[in-house]
Each structure stands twice: as structure tokens, then as C-alpha cells.
Amino acid sequence: MLPICVVNNYGQFNHLIHRALRDLDIDAVLIPNTTPREEIASQYRGIILGGGPDIARAGVCAEYLDLGIPVLGICLGLHIIARKFGGVVHPGKSGGYGSVEVTIREHDDILSGYPDIIPVWASHADEVCRIPEGFTLLASSGICEVEAVACPRKRIYGLQWHPEVSHTVGGKRVYENFDAICTE
């Protein structure tokens with residue numbers, strides 16, 4: 001079975017995503033965000049777009065979204081997804097990293113097995129203020145309306161929060177769910 005690639009967008013937690021997958025015995029490779037799309041299409045069964053400081057430093061990540069491979073975007077990864085498909089991203093009102101209670105509105109594939117409210121660790125320096133057409137709002141919080149989205153027919157998912165950090169309760173479940181999506 002092919003591995004899942006974790007695309008390094010220069011975020012401070014990208015290596016933790018890779019480690020979380022390894023800890024779950026999910027074969028994963030951390031790759032630069034300049035990796036050619038042809039290489040992604042032939043060598044990986046899923047793509048995780050990691051977080052990062054700025055969309056201007058996101059390399060060619062937007063090109064990966066047309067490959068037909070399942071994608072999970074985390075923080076900046078969500079913003080890349082939203083912009084690619086016509087959503088709008090703007091500076092967040094809350095800024096920096098911190099604990100947030102997220103309300104799950106829809107327990108779809110990526111959020112399967114979660115309770116209705118979960119404490120997570122998130123950054124809201126930027127956030128999605130309008131989701132793309134064809135996407136479903138999965139979760140929100142008191143400080144950010146768009147905490148998670150999905151387009152199941154494209155197998156594309158995005159989270160504002162960081163499931164890879166220890167402050168996010170049950171964060172590894174997202175990766176288990178994504179692994180299952182990539183195995184279908």
C-alpha cells in the first residue's frame with residue numbers, strides 16, 4: 001500500500017503530523033511543498049497539507065487538489081483548499097494559538113467517532129469566512145464559524161485546528177479516519 005504524504009508548509013507542527021501518523025502505524029512521508037504533482041499522483045494514496053505561516057509560502061500545494069487523491073488540510077492547508085475552490089480567507093479576530101471548544105455539526109467520515117463538543121488547539125491568525133460551493137460546514141466554535149469543512153465527493157477535508165498537538169483531545173482519531181478514507 002502506498003504511503004500518505006505530509007506536505008511541509010513550514011509550520012511548526014508539520015513534523016508532529018508525520019510523527020502522529022507513524023505512532024498509529026500509518027506509513028507516511030514528510031515532503032516539501034514544491035514536490036511535483038506527478039510525483040504525488042504516482043507515489044501517495046493521500047495528502048495532508050500541513051500548516052504554515054503564510055499562503056505565499058505554500059509552494060504548489062493548490063495543484064495537488066486536482067489529483068483525485070484524498071486531501072486533509074490543516075490550518076493553512078484548509079485555507080489553501082478554501083481559496084482553490086472559491087472560498088474566502090481573511091485575518092482572524094482572535095489571532096494566535098490557544099485552546100478552543102469546537103462544536104461538531106456533522107459527524108461525517110473525517111469526524112466520525114467524535115463527541116459533539118471537543119477541546120482543540122487552534123490558530124486563528126487567518127480563517128475561512130466563506131466556504132466554497134459544494135463544501136459542507138462540519139464544525140464551528142465561538143470564535144470561528146468555520147472550524148472544519150468537507151467535500152466528500154472529492155474526498156477533500158479541512159480543519160482549522162491542529163489534531164497533531166497533545167492539547168487537542170482525541171486528535172489522532174482524525175488521522176485514523178483519514179487513513180480509512182485513503183484506503184477505500
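Start at 1 and count along the chain as shown; that gives each residue its number.
Each Cβ is built from the backbone N, Cα and C atoms, and glycine gets one as well.
Swiss-Prot has this to say about the protein:
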type     : residues : note
ACT_SITE : CYS75    : active site, nucleophile
ACT_SITE : HIS162   : active site
ACT_SITE : GLU164   : active site
DOMAIN   : 3-184    : domain 'Glutamine amidotransferase type-1'
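Here the features listed in Swiss-Prot are placed on the structure.
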residue	record	Cβ neighbours (10 Å)
CYS75	active site, nucleophile	26
HIS162	active site	24
GLU164	active site	26
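A gap of 7 Å separates the Cα atoms of HIS162 (active site) and CYS75 (active site, nucleophile). The residue listed as 'active site, nucleophile' and GLU164 (active site) have their C-alpha atoms 11 Å apart, to the nearest angstrom. HIS162 (active site) carries neither a helix nor a strand DSSP state and counts as coil. DSSP assigns the residue listed as 'active site, nucleophile' to coil in the three-state reduction, placing it in neither a helix nor a strand.
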